[in-house]
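Structure first, then comments.
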């Protein structure tokens, strides 16, 4: 009790100090509404000692010793900001010279304020920073730029010398800090040029800025120049008056359009003579042409550039010849067209220009009309909004209203719960060992619900992840995600709904279900409530049997199903905690893996699992990445490598030819002295006593003739049998050799290398990472590795997992199609609630074998999802049961989810293989708190940030820049055209991706008549449409973009020259409502075979043509660009979207919005520079790129 008045329990105590009677405490108290008693929900001891430091004392903080927080700046306010969502800091607490920005990683000292139970940082500094010298500005788009393709900077936060304005290709010195800025991990804090140009200090000219629009020289021009909204195909004219209010005559030298509008919708007449936009007369299409022909693209040659831009006002020549412009027509020699003079305007007189707009391009558009006088320019913006007739099909049907439906809050005195009496689970699955519940702590739930700082409950969240806080930190993050899911589900509870009948079952209609609002799966539990007249409530427990669009088929108590007479019911959704409980259980099991697996630092080489010769007919190429040649370009010593047996270490070579001294056994003694001879041969390997163990020479010339297996990085070259001595055989136990062949002979060198390294398993149990960028054959490599392990190691038992059913099904299908495993060797284990209708026919036989978990556990190749791997815990399977665990698409699984299969492998001799791409989609985490503290970082991504797995071009330049003992990066892309691969390769993969796709496929659409530039299969179509929402759905859609998507699909599917099957076209859009609207339009034109979906639905897939609709188009909300852009600001989502197509990529979006994002800004810059941009006018920062 506190003051004999306030009750509290031990759970409410947050301080680590033991409380004593008489001790002063600070408490947060709530009143019990029933008893009117007071209960403390937070109690913290007041320390007897206070710091003398006035700065700390003035803050009124309760703990005298600050704690350390490692986190990311998640928001910035005026003069302050927040770290990891909840920890406040003021700019006064930031170290000198550092001005933090959103995304910066910082190290802070913080306190907990006792009165508010919130954390406040008292010192903030960058987590990591460095200086880079003589680096080049590789990109500059508006206010954002990039240095050396890897360091982001914004002119809004960059410190520059006075008078210096960065320009592309400048050589600069910079100080950079670690920061998550889209696809970049460094941000420039300050920059200085190495050598200043003569033009330094001149501000960049803005020819179309506010100054241009002002009246000048006593000339006044009409300002009302908007055409309003026009239907596509309509025309409208307006008159622009030009009045001379001065004392002297003014000569209107010429009138012209700046040609921002690529659809050439505007033309003007002056003094009775018609004048069209230069460059448009010959190239434009007559007004009467079909409006469905899009934007009437010019058939430019491949090497031609877009129409030239108008010169700015400083380029007016003294002789009065202003605004000269070249025009370029279809394949014709450009001709200079002089604008006709407008004539003299006497004082007090006025003239006029008639501007006509012929609406062609859906969406908003802006053009610039330039009135060129002898010594100045006056400009006026011509604006129009064009709507198409097809937009009526998808117009807003119901005004948007995001109001939570009121649920019944009737106080009840009693309730009765009725459960399903029939067996819910598959009867053939006997699961005697059930997982613990791992309930969410009440204190944590109150923290979230009452918005109390989470660090008051779990200070460990502020620490970097390590072995000591591993379980507690991830357990807390899992609970945070669960709490968010429960809160989110409550918002979708329904009141007084009537169920429909479907045979003997009942069907519940859930609005918004198709948009995953709420997110339901087969097997989830629902509670249906019925209130009697006496206030008594009966709860019926039901389970989801089937989901079709917005209809949910339920399994309830048979008695209720028969007696139900369409009475209104209240519906309460519940969160399925099965996967979360398996994650909690896995966290307890994987502790045995320890630091060596979860936080690897040193490499301990094991004996190879398999030795022998590979078929020379299949493998005759030495790529320099084998075990026989680990090189360092800088001559530095390598990472510590040890061996835990008596065998000699492998040949590890430095470029300087010196031996490496830190290669030891577990007893710390050196094993070998490894040197290098002039002929590149494998050198002598000596024992500790100086006697030769074996002599095995292999020169470059006779590589194809040697009969000894070429070992991979980190293992020993086995001596030839002919030269083996008894002493050698006693010293080294060589596994029985066998000739081996690849089941898939068309694998490339990197793929074969990865298979060998996995098969050898030199670094087990350290996870081996197969880094597979898009289209590089990652899954093919995994299939080969599984088959090789299965046949080379008869004692192996392999668990192959993936985060999703689709990915696991794909692995099973590919193994089936290989026709290598015997039917009794492989099984596909599904979740209990998965419906057979969702399983493809080819793998159904393997799934039937997986229905009995006991029987399935005896198969040697077991395929399942990461979550369903937890079924094996429930039948008593424990550590060491599986010899090999493969996790495909490991980047999409959260770390606790990935741990579920890893908990079943041996920590001594088990082999872990993680395959995926850390630059593509990660785990789906919805709790912002859980994301802020790292639950959205996959195990694959975290390991690749560890020193042992880091990219190091100096140390491992010959091995793909990664330690070949631990990582193989696949770089040969078999999917996309070179023009489509260039940008993602530069942004995400260090320009290393190689084009290896079938030329017949990727060049099949280079002659399509609608390409802005022939031979370049990319279109960026600018659409300044309107974004909208309707009904109760918070999802956005853009009618103008949806119509344009439909038109492109029609043109592709019905093209005479380059017809594309509708099944070869995919449409990606981030919003469910836009998916729905596009499907309506495609259904209207009989193109229902075209797949339309979110980015997540396309990961791992490829299409001949991809059309992307970005939707967001509100240019007025830029107070928080990333929040406003939503899904679009995720660089991983962007990477997946643009790497799906083989032969053609079409992007539709508003360039004025998208330019704010670094990735989309780079795509816009790439498109404009290559002459493939079309559509609406560009933002000012991109206009200069148009030639």
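Heads up, the Cβ atoms here are built off N, Cα and C, so glycines get one too.
What you see is a predicted model, and the numbers here were worked out from it, not measured in a lab.
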| remark: Of 477-531, 532-586, 587-641, 642-696, the range Swiss-Prot tags as region '5 X 11 AA tandem repeats of [TI]-R-N-[DN]-[GS]-Q-[SP]-I-T-[NK]-[IVN]' is 642-696
| Correct range for motif 'DEAG box' (source Swiss-Prot, candidates 888-891, 892-895, 896-899, 900-903) | 888-891
| message | Name them in sequence order: residues not among 772, 773, 774, 775, 776, 777, 778, 779 whose Cβ is within 8 Å of the mean position of the Cβ atoms defining the ATP site. | response | 917, 970, 973
| said: Using a 10 Å radius around its CB, how many other CB atoms surround residue 774 (ATP binding site)? | reply: 26
| said: For the binding-site residues listed here (776, 779), tell me which residue's CB has the most neighbouring CB atoms inside 10 Å. | reply: 776
| remark: In all the protein chains shown, the tally of other Cβ atoms within 10 Å of the Cβ of residue 777 (ATP binding site) is 22
| Residue, out of the binding-site residues 772, 773, 775, whose Cβ gathers the largest set of other Cβ atoms within 10 Å | 772
| request: Could you tell me how many residues in the motif 'DEAG box' (888-891) are helical, how many are strand and how many are coil under DSSP? | output: 2 helix, 0 strand, 2 coil
| note | For the repeat '5' (686-696), the averaged pLDDT of the predicted model is 38
